[in-house]
Each structure stands twice: as structure tokens, then as C-alpha cells.
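So the structure is just underneath, and the comments pick up after that.
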Amino acid sequence: MARHSVMYFILLSALIDKSQACFCDHYPWSQWSSCSKTCNSGTQTRQRRIVTDKYYFENFCGQLCTKQESRECNWQTCPINCRLGDYGPWSDCDPCVQKRFKVRSILRPSQFGGQPCTEPLMTFQPCIPSKLCKIEEIDCKNKFRCDSGRCIASKLECNGENDCGDNSDERNCGRKKTVCSRSHNPIPGVQLMGMGFHFLAGEPRGEVLDNSFTGGVCRTVKSSRASNPYRVPANLENVNFEVQTKEDDLEADFYDDLIPLEDNKDQEALGSGLATSSFRVPIFYSSKRSQSSSHSSAFKQAIQASQKKASSFIRIHKVIKVLNFTMKTKDLQLSDVFLKALNHLPLEYNSALYSRIFDDFGTHYFTSGSLGGVYDLLYQFSKEELKNSGLTQEEAKNCIRIETKKRFLFVKKTKVEHRCTTNKLSEKYEGSFMQGSEKSISLVQGGRSAYAAALAWEKGSPVPEERVFSDWLESVKENPSVIDFALAPITDLVRNIPCAVTRRNNLRRAFREYAAKFDPCQCARCPNSGRPVLSGTECLCVCQSGTYGENCERRSPDYKSNAVDGNWGCWSSWSSCDATYRRSRTRECNNPAPQQGGKRCEGERRQEEHCTFSIMQNDGQPCISDDEDMKETDLPELESDSGCPQPVPPENGFIRNEKKQYSVGEEVEILCFTGFKAVGYQYFRCLPDRSWRQGDVECQRTECLKPIVPEGLTLSPFQTLYKIGDSIELTCPRGLVVNGPSRYTCSGDSWTPPISDSLSCEKDVLTGLRGHCQPGQKQLGSECVCMSPEEDCGHYSEEICVLDTTSSDYFTSSACKLLAEKCLNNQQLHFVHIGSCEEGPQLKWGLERIKLSSSSTKNESCGYDTCYNWEKCSATTSKCVCLLPSQCTKGGDQLFCVQIGSSANGKTMNICEVGAVKCAKREMEILHSGRC
């Protein structure tokens, strides 16, 4: 049949010669229809304007011509406009600034080219307060008080230096004493060391430290580049100009996409005191040791460049240091402008006013670092051209490094590799691999901005001249930046000002809310598993390797994956403070959830933190300064000639009707805290001699408090309190296991076994080793062999109590070792119970059970254990469960004469009944084997 079809086709082709073939363009196309969608990929169609004439039939146009075509249109993602919420209610009138405020939040950032939000998020109006302003001035004691409220040492008054910052210490002076015998210039760029740093935006902000303050000490440091020494400010612990920069320490990195350049900063990275949720901040590291140095505008430029075509990136960077510095750890002098901003903060918490501190002065300050510059360029290459060049990733980045050294850094001994000039990409540009890039993006830090910008270039433009690098390098000495720095939270500086503790706590609370504005959980899903990044009020998409487009909606021909990577949704609100003074919040991996083999979300799903709550009447925020013990206490005790003072409750108890004085004959009731119960007579009576008549009463624990588990572990079931006998289990993310016991039981006053602080998650080596084999075995190729107890059981596995029947000794072993020994047919080791061996009823029954097992006709493997005649294996727990004596089959060969309890008569039982009775912990003595 197939042969006849081929012959028919050949004959048909022969009949249709060139003169008879249909010229399809004889029938023109109609206009393209309008797109079915305005965005998010629609379709449009067009049809041929066919006329069924003689030409149409004679030339087989119906068979040869395409009558309709369709194409994709408006593939760009639909824009999302930024949307603001309504203003909330007016706040209470702040008694210190005499204003009230109302705020609103961004409900949705703009994305995919939507309209941005430009309206303010806060408004205020004057008001008449109903509370008193409780800000108190700091007592300077024997120090000099500046007009700004700052306290400085008395010896600094009238020394010819502006130590107050407002010059109030130099007024009305007679004779002035000098500190230094001659004048000294400040260290170049010393003000930069005192700038705040906005960790979330990745840029310096306002001055927080006054590095012009010298503290009345003439301390100087010399530089080899200057003849006169520089004056060292009081805030600096150490400064060193003798910094060596190697000629050839140029580093190169290759990136398939920009996602590795986007750094995920967690709580620890933010520093103690400013803990918040995990969120992504675009960071470009200035060197290996650098904490961070970011350029959000440069990052945005790189994202936009990558969206135009499928790209790879090569980054070239070199650090040039002028000096190193270290700040003091305490007694830092704040800048006058920062001090004034702190002093103007209200005592009553106001999110908008406190958040302005972070906008103006950043979130952190520099504790150490270097002044200098970073030569840092990001070269964008077409992924297709780079692939066609024939170079590997390692060869490509090496070629850029070599050409940079030769062209800009003037390194004398630079060997040019043959592959760098003769590959297909370099040959298009006269042997220059660098000019084969689409563009380079300047991430340069330090130096004059004009020189830094001139180091970048774009295809089609002239390559930067050789002197551009030397001009920039020379300008770094006069215009350095802070690089290779370490940070500390700005809240650490809020000390020795009025109400420092109150304001410090308010700032920490404000930061938690402020940081949420940078969390990309608010962004919509990016196409093709693009990574969303929140930049201001706009969401951007960082494209995966092999995707491009304004929103990563386009794919390279070789990108075939349909996997959707998971991304975190936003954190829930914090729960209320519970009885353990802890609160928690959660988030879900549903923005989107991983699909079709996509990556799971990285990071923790649940967070916990310490919390407090107040039982005092709210008369306004108290002013708490450093070194003050402000506690919730009652009024001072009043003198009384009759009645009883407040009695002392038992440990873990309190008095229901608590007060300072009680009348004669009055009773008080003793209650216990949550998790405890009162045992004894709970009432005390006040006697005429001002003593209390009270019986024995104590608060005994009935429940266990929720334990604090190390970070990374998940506790289940999650409850505030657990009853005695309840168990909890600790688990790790998929592929990891707990490096210690995972199951714990509430035993009254503590958890058994004790929960160690050193618990963590580690790679699940044993499961990987076991493969598809039975417990105690490992997979070698396609075969299953017994594990070696010595070589394969080095990682943690559950502790169990084991009896060696040869020596009659019992000891604690790992489950891995027991299973491996059983696989090797070691008959002398027997499972006793889960957990370490400890004297008690559990161990006693375990040993007796093993003795009885010698008479058992049933030996059923069950988890670590072997079940005998009087037991069955639980399918859910893989543990042996005792039968009831009535469930045992009567008769059999294994019979015993036993005496139960105080009965004088013997009774005949089989092995199942004997084991069941003993398992039920009933008193029994085996008189002899056989019938009575």
C-alpha cells in the first residue's frame, strides 16, 4: 500500500511542471487581525484572499498554498500599577512634638512597566496633647553640658576646638589653652568613615559619627605620601596608611545569569539588634572579605541589559586601598545632625517618624574598613556568540583578565594566550575578545565619578583610552570610598541621650516594619522562574540563564525547561506573646509554589523571637535612659498598725487578689502559673498578730513548655504547652537529618532526653548510602551488601539499648551499628529498647523479654526489633506491641507452670500468655516448664 502511495505522489509531481505550479502570491494576504490580548501573549491571524477561478484549480493551489497564518503578539506581561492603601486613623497626639500622624502603606508595587507611586505615605497636623511629654534631660553631673544636650569632659571647654559640634564650649572664654603645638590637617576622607550605611539599598547615607571630634588629645599619624602628619579623631581606634596593593591581583568571575549577584541577607548578616525577615538585596561584593558594597542603579542597569538578549556576564574587579581603619567599640561621638535627629524623636512609637532615621542615616555604621577604590566592570556577552566562540567559561574569563591587564593596568609581564586572539569572536574585532562583548557596566567605587563612568563602554563606541584607568587611579587618592568594610546596627549608637532605651527599642521595632518594604514577596511572579527584586516601589525581574525580555518572558532556542521555581510569600503577622514570652510568624512557599521539578524555597518557614507584654495602665511611653532599672512595680508599701503584709506565694505560684496590705480575717487564694497545678490547701488567712495561717501547698508541673529549638529545625506538633507523656519530633528540610536525637518526651519537669543547643541539620549520608536496600544494607551498584558497623556508621543514628547475650552486658549503641550487625548475622546482639540504657522498669522488662525469647516459636523482624509469640508488629510505628492474654491462642507445645500474684495454686500457660502477662507488668513467677 505504501509503495502505491509513493508512485501516486511521483506521478502527481510529474504532472505539475513549472508552468503549471501555483504561484501562491497571486492571492495576496489580508491584513493581520487585531491581537486577541493586549498583553500576556495573544495571537493574531491573516487569510489569503482566494478566488476560486480557473487558475486556482488548474495549478492545484488548494493543495499547495497556505490559506491562513497566525503569530504571537503582545507577548509582554501586563503592567501592574503601584497601588496605595487608604490612610489609617489618626495617631494619638504626641506630647513631645504636639502633632498627630496618619500613614498608609503600598498595597502593591509597580511591575512590568506599570505606573509608579508618587504620593506621600504619611501626613500630620498640629494637635493638643492629653499626655505629658516625659523626655528628661541627661544629667551631665561634673561634665560640661553643650547647648545640644551633649555632655563632654570639662577639660574640653575653651581649648580652641569645637568639641560640642555647636561651638557652645568655646563661648565666653578668656584665655584659651591649645591641645596641639601646631595645626594638623584631618585624615583625607575621614568624614566618609563616619557616614551611615543603608544596608538594604546598599549605599552610604548621612553622617552619624563626628570624626572631627578629637577629644582634647593630640594624636597624629604619618603617611608616606604627605610630609606633615594627620590629626587622628577620637572615634578611631587605629588607622594605617601602609597598605600594599599587588600589581596583578585582578580577579575574574563568570556568571550564566545575574541571580548569583543578588545576595540573600538573613538576620545574622543584618547584625544583632536589627533582626528581620530574609529578603534579597542586590549586592556586588567589592572583594572576598568585604561585607558588602552595592550599586542598586548599576544592578538595575545590568538587569535591563540582560533583558534585551540571552546573556552571560564576566566580572573583572581589583581593590586599591589607601588606608585601613578601625573604630572604637564604645564611647563614640555622634555627629551633631544625627544627635539632633535622635533627640527630636517622640517617645510614643511612630513608624513614619522613626523610619525617617533609616532613610536619612542608613541602617548601619562602619566599624572597620578601608578607604580606596574598586576597579569593577561587568562585561555582557551574547550567550549565542560566546557559545560559538568555542571558548570554555574558564577560558573566556581568563581572556578578559589578560586583556584588561595588558590594555589598562600596564602589567609588564602579561602573556597573551593564543586562544584569546584566534577564536571566532575575537577574530571579528581584530583579535580583541573584550570588544566582542555587548557592553560593560561600571560598578566602580571611588575616584571622580566622571572617570569611573568613562571606564565603561558599549559596542560600537570607541574603547576607553589607556589613560582613563590611570586618571581614575590617581583620583582615588583624593576621592576615596569606604571599601572592604564591616558593619554594626545603627541602634548601637543610640546611647547616652535622653530616653535612650525607649528610643532604641522603638527604632528596632521600626526597622522590622521598614525592612518589609524591601521584601520582594510583594512582587508578582516573574515568567520563566525569573527572580523578583524590589527596587524602591518597583519590582524588577532578574532572568534565569537562557531567558530574556523586559520581564524574562522570552526564551532562547535551547531553553526547554518548564520547571517553576518556588518563591516565598510574605510573612504573616507576629502572633501574640505567649506564656513562654515567645512569639512566632510563618510564611509559605507559594509565590509561586514549585512546579514540574522546580526548586524549593530556601530559608526558614517559621521564625520565633522573645517578646514582652505590660500589665500596667498605659499612661504614655515611659522615658527609660541607659543604666536605669525601670520595672513594673507597685506603689511604695504603706505603713499600717494592723493587718498582714503580702504573703510569699510558693514557687511557680502567685496570689489571685494581690495587694500590699490585707485586713485581719481576709483570705488570699494561691494559684499556679500555666503548666502547674496547686497541690494542698490553697487559702491563706490573715491573723490578728499580722501573720498568716497557711497549710502546705506547692505548684507541681503538669505540662512542659515548648522548647526553644536551634535554627533550621522544625518542631512538630507545634504547641505552647505539652502534657506529661506527650512527644515531639524535630525534623530537617528534605535531604538533611538531625545530628542528634529527633524524638523527645515530656517527663514532668523537663524533656527526655534533654534537648541540646548543638543540634543542627546535616546531610543525610546514611539514606544515600542505603539507596533502595533494606535497613542495615548499602547499595553498591545494583547490589545490596551489608554495611560495615565501623566504616559506614560514623554519622549519627538513633540511640538504642542493646544486650550482648554472650557477655550478658547491656550498652547503648547506634541503630546503624545494630542493623549492620544483624545483617551480618550476629545473633548475640539483641534490641532492648529505644534510647540509652538506664536502670528502671523499661530495662528490667527488656532483659526479661530477651530471656523469654529463647522459647518463642515466632521471630518476626520489626524495625530495630524482633517480635515474639506474645507480640505483633505495628505497621505505623514499626514497633512490637504486646497482645492481651485473652488474644493468645490456647494450647501449644511451649507450656509453663506459673504462679500469678498471691495465688497459691499453679496455672498452666503457653509462651504467648506468659509473655503477655509479664508485659502487662503483673507479678508472675515461672515454677517450671511443662504442665502443672
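Even glycines carry a Cβ here, placed using N, Cα and C.
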I want to verify the bond table. Which candidate from Cys499, Cys521, Cys523, Cys623 sits on the other end of the disulfide that Swiss-Prot records for Cys570?
Cys521
Correct range for transmembrane segment (source Swiss-Prot, candidates 234-247, 402-415, 500-513):
402-415
Cys61, Cys127, Cys133 - which one Swiss-Prot pairs with Cys93 by disulfide:
Cys127
Do you know which of Cys601, Cys611, Cys672, Cys686 Swiss-Prot records in a disulfide with Cys644?
Cys686
Of the cysteines Cys133, Cys158, Cys164, Cys173, which is paired with Cys146 in the disulfide recorded by Swiss-Prot?
Cys164
Going by Swiss-Prot, which one of Cys61, Cys65, Cys73 is joined to Cys24 by a disulfide bond?
Cys65
Let me make sure I read this right: Swiss-Prot says Cys623 forms a disulphide bond with another cysteine. Which one, out of Cys499, Cys746, Cys761, Cys773?
Cys499
Taking Asp163 (Ca(2+) binding site) as the reference, which of Thr38, Cys82, Cys146, Cys732, Cys823 (the recorded positions) have a CA within 10 A of its CA?
Cys146
Taking the mean position of the Cβ atoms of Leu156, Asn159, Glu161, Asp163, Asp169, Glu170 as the Ca(2+) site, which residues outside that list, in the same chain, have a Cβ no more than 8 Å away, listed in sequence order?
Ile152, Glu157, Cys158, Gly160, Asn162, Cys164, Gly216
With pairs fewer than 6 apart in sequence excluded, do the domain 'Sushi 1' (642-701) and the domain 'TSP type-1 1' (22-79) have three or more C-beta pairs that lie under 8 Å?
no
Local backbone state of Cys761 (disulfide bond), from DSSP in three classes:
strand
Report, as a single number, how many Cβ atoms besides its own are within 10 Å of the Cβ of Cys164 (disulfide bond).
24
Listed disulfide-bonded residues are Cys61, Cys164, Cys570; which of them have CA atoms within 10 A of the CA of Glu170 (Ca(2+) binding site)?
Cys164
Measure from the Cβ of Leu156 (Ca(2+) binding site) and count the other Cβ atoms within 10 Å, all protein chains considered.
21
Looking at the recorded positions Cys93, Asp169, Cys218, Cys644, Cys773, whose Cα is closest in space to that of Thr392 (O-linked glycosylation site)?
Cys773
